[in-house]
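Over in TrEMBL, the protein carries these features:
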SIGNAL    1-19  signal peptide
DOMAIN    129-179  domain 'BPTI/Kunitz inhibitor'
DOMAIN    233-283  domain 'BPTI/Kunitz inhibitor'
DOMAIN    306-356  domain 'BPTI/Kunitz inhibitor'
TRANSMEM  372-398  transmembrane segment
REGION    417-437  region 'Disordered'
Amino acid sequence: MKLALVLVVLCALNACTQQCEFAEPRERAPDPMLLASATRLGDSDPESCRAQCCARANCDAALLELSVNGSAQCFLLDCDGACTLREDSQYRVYERTDVHTRENKTHIVPLMLATSTRTEDNNETQDRCSLPSRVGMCKAAFRRWFFDSDSGSCQRFIFGGCDGNDNNFQSQEECEAACPLRAAVNEEEKPPVKAYLNALPPQTSMVTPPQTGLSEDFPEPNEMSQEQFSELCAAPPVVGPCRAAFPRWFYSSTNSRCELFIYGGCRGNKNNYRDEKECSATCDRVKVLPSKKQLPEMSEEYRAVCAVAPESGPCRASFPKFYYDPETQSCKSFIYGGCKGNENKYETEEECEARCGDPESFESRGKGHSRWTAAFFLFLALGAVSCLLLTALILITVRRQRNQRHLSIRSDKEELLPDSERASLDSLPLPESPQQT
């Protein structure tokens, strides 16, 4: 592996590979789906990783994943010239700035990944622009473009890799060339597929789209209350437990912009929009009115378990949990990844309500616990003092008994003598013991 990297570096120095230009390294990381589809080369250094990227025409950026021991893993990103990156100090990305000639190269796609190109007549080729976007049954994640007949423009979507349709393009330019921009179709002009889906009764649909932001239940997007903003724009994106893959948009209150995510198809929340335009119209430059609900004063303990924002954690599991939202004073669902996170997560909505629904009772429980703790320590202190006093009393009693025993070692005859004779008797020397001959 090291020999191959050395050869690549030497080849780059000898100009036997094409010349490339890279931007300054940035602390950025791709989204998990793009990272999963990247080409991993193993341990490398920045120069070798850039040389490997330069040797491939379809490489948009060289990515280094830094580890604690100082080594780095090299990844080559192919994102059709539009890499979606986020801040992450664990990664260093080197984006290529030289002009790619992708539109002139031939795209070789495996047969199972190729979309169908068979048409019965010329009219069917024109109808490809009216077909809905189709993710397919495979689990890959290819960024593609389709013509949205509702909005009259080309939109991005995630293609699973197989079982697609003809409304599937490699780039926005290819999509616009095949489907000239036009106004949105009327209801009676909808394609048969959409008309059929709209005619289905509600119980036949396995996937239930969530209520999005543009609803008659809410005021105009340029003005909303704090409670509505927390539901429409501040809630974290919820993928849901279903296994579909719908490209949707959510508003990131942390980054103050709309971002793409993959929606599973059911049990989402209201921060879920069909396209970026709808998301921006709802949440960008919005005036948030003061909250009508007065939030109670929170202790640090209550804030830690009931008022912090929910965290899914870095793991990839999917456990439905509940968290308490102090803005709306209600419990809401979210997806927990399975590790880390914070204490504002509960197994059931009832447990969440019982724990955080009444801040005053929470505080009273905390005060009662504090009083009980103080009484416990007071009891321990009194017990320790009592033990010391009892020990001292026992020692004094034992010492007195020893003194009394020493004074009582006298013969009964001495007790019968008067005090004067007893004193003279004490002054007499002891008789010598008889010597044995």
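Every residue gets a Cβ built from N, Cα and C, even glycine.
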Residues of the domain 'BPTI/Kunitz inhibitor' (233-283) by DSSP state, where helix covers H, G and I:
8 helix, 15 strand, 28 coil
Overall pLDDT for the domain 'BPTI/Kunitz inhibitor' (129-179), taken as the rounded mean:
85
Work out, from DSSP, the number of helix, strand and coil residues along the domain 'BPTI/Kunitz inhibitor' (306-356).
10 helix, 15 strand, 26 coil
